[in-house]
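> Following this message is one structure expressed as structure tokens.
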Amino acid sequence: MTFENTLQYAQQLDQQDPLKNFRNKFHFPKVNGKKVIYFTGNSLGLQPKNAKKYVDEVMTDWAELAVEGHFQAEKAWWDYHERFSEKLAPIVGAMPSEITVMNTLTVNLHLLMVSFYRPTKECYKIIMEEKAFPSDQYMIASQVRFHGLDPKEVIVEVKKREGEHHFRTEDILAKIREVGEECALVLMGGVNYYNGQVLDMQTITKIGKEAGAYVGWDLAHAAGNVELKLHEWDVDFAAWCSYKYMNSGPGNASGCFVHEQYHDQKDIPRFEGWWGHNKERRFLMEPEFQPEPSANAWQISNAPILALAPYLASLEYFEEVGMPALIEKRNKIVAYLEYILQEVEEEVGGNFEVITPQERGTQLSVFLHGQGKELFHYLMKNGVITDWREPNVIRLAPAPFYCSFENMYEFGQVLKGYFSESQ
Ligand SMILES: *Cc1c(COP(=O)(O)O)cnc(C)c1O
């Protein structure tokens with residue numbers, strides 16, 4: 001595709017964009033009275049304008065119905081969480097029964113490890129990527145210690161090659177084969193938070209399972225961003241947060257996937273609570289736990305309805321647009337952003353490097369040779385919100401729901417301004 005670095009051309013791309021009207025369905029922060037150019041939808045998605053309505057609905061039901069709201073509210077609370085399964089299924093490529101929404105991401109990964117990390121004397125190792133998101137590192141190490149084992153002996157990290165910024169699939173597969181029968185679990189980030197790389201989840205899952213391990217994915221940066229086929233790939237379990245590409249609001253609930261082959265496995269270890277109990281008999285308060293025949297068996301407590309409301313609102317947009325259209329725009333806008341970065345580099349000799357490989361979703365990570373944090377602050381002052389990751393990386397994620405091609409052009413102008421001024 002050949003692009004042009006002009007305002008007119010960018011505006012033309014916007015005009016042709018089938019998703020162009022969605023930009024007006026989100027609230028934008030403003031700098032100098034102008035909507036910001038928002039590159040941090042990979043960290044906290046913007047607020048969908050329908051979110052408030054969904055929250056207000058719950059507030060009104062609570063005011064007018066009080067406890068009766070559990071059953072009498074139009075969106076009744078007692079099975080409110082079940083509304084997510086149908087809507088999330090096409091986003092992550094699962095059957096509705098394989099999905100549940102609860103807690104937050106790290107908590108859910110802990111709960112899923114209770115079921116899927118069961119070390120024995122012979123089979124106890126965990127394969128993950130080096131420099132995974134810190135919460136994942138803490139989570140896995142603490143699980144290992146909980147089993148009385150030493151993280152140094154259990155956790156095997158796949159590393160990037162010297163001088164490279166991405167993981168090679170062949171290195172990941174080789175590591176799984178090398179650990180072989182000792183491998184109890186492969187648990188990685190499907191899309192790396194730092195370099196934006198999309199791992200070959202299908203192949204890694206297949207090889208992990210051939211080695212006899214369980215395979216789980218942290219999909220924090222993948223859900224709502226890249227194509228997923230969790231059921232078909234035979235993934236054992238996965239979890240994601242919803243406040244990044246899924247625009248559900250700060251700290252909001254996490255989605256979980258548990259493959260259907262485990263739904264009627266009676267002896268699977270699990271931390272249980274009343275919300276996972278047979279739905280029809282939940283309020284009979286019987287002493288014996290009867291699991292729901294679905295991922296809902298992993299539910300523990302009654303659901304935080306006020307938090308879930310904006311997540312449900314956001315999924316309305318996903319339902320309207322669908323992942324294929326989002327991915328199509330994503331590919332185009334990310335390619336345009338990459339082109340703009342190259343243009344700026346050629347024109348003003350900016351000293352930076354895109355470290356995201358071609359296997360990518362919405363995010364481009366830009367490694368700065370030299371300029372450091374001043375660029376980040378300069379962008380912020382000029383209405384461009386990016387984020388900064390040590391040691392020297394700025395991450396740019398033009399979320400296809402609400403970023404425009406004109407934004408990419410404008411960003412290029414701001415960037416050019418910076419490099420011209422600083423030379
Ligand atoms: C954002 C993110 C988290 C955050 O976890 P919470 O428990 O929701 O705070 C965890 N892991 C990865 C890979 C992430 O990108």
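Cβ coordinates come from backbone N, Cα and C, glycine included.
Unlike curated records, TrEMBL annotations are generated automatically.
From a predicted model like this one, the values you see are computed outputs, not experimental measurements.
So TrEMBL lists these for the protein:
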- Leu105, Thr106, Phe133, Pro134, Ser135, Asp136, Asp218, His221, Tyr243, Trp274, Asn302: pyridoxal 5'-phosphate binding site (BINDING)
- Lys244: N6-(pyridoxal phosphate)lysine (MOD_RES)
> Consider each pair of residues in Leu105, Thr106, Phe133, Pro134, Ser135, Asp136, Asp218, His221, Tyr243, Trp274, Asn302, all listed by the record as binding pyridoxal 5'-phosphate, and report the largest Cα separation in Å as a whole number.
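For the residues that bind pyridoxal 5'-phosphate, the greatest Cα distance is 32 Å.
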> In Å, rounded, how far does the Cα of Lys244 (N6-(pyridoxal phosphate)lysine) sit from the Cα of Phe133 (pyridoxal 5'-phosphate binding site)?
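About 14 Å separates the two Cα atoms.
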> If H, G and I count as helix, E and B as strand, and all else as coil, what does DSSP give for Leu105 (pyridoxal 5'-phosphate binding site)?
helix
> Would you identify the secondary structure of the residue listed as 'N6-(pyridoxal phosphate)lysine' according to DSSP, in three states?
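In three-state terms, the residue listed as 'N6-(pyridoxal phosphate)lysine' counts as coil.
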> For Phe133 (pyridoxal 5'-phosphate binding site), which residues of its chain lie six or more apart in sequence with Cβ-Cβ distance below 8 Å?
Gly189, Tyr193, Asp218, Ala220
> Cβ under 6 Å from ligand 1: which of the binding-site residues Phe133, Ser135, Asp218, Tyr243, Asn302 qualify?
Phe133, Ser135, Asp218
> Show which residues of the chain containing Ser135 (pyridoxal 5'-phosphate binding site), separated from it by at least 6 in sequence, have their CB under 8 Å from its CB.
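For Ser135 (pyridoxal 5'-phosphate binding site), the qualifying residues are Leu105, Thr106.
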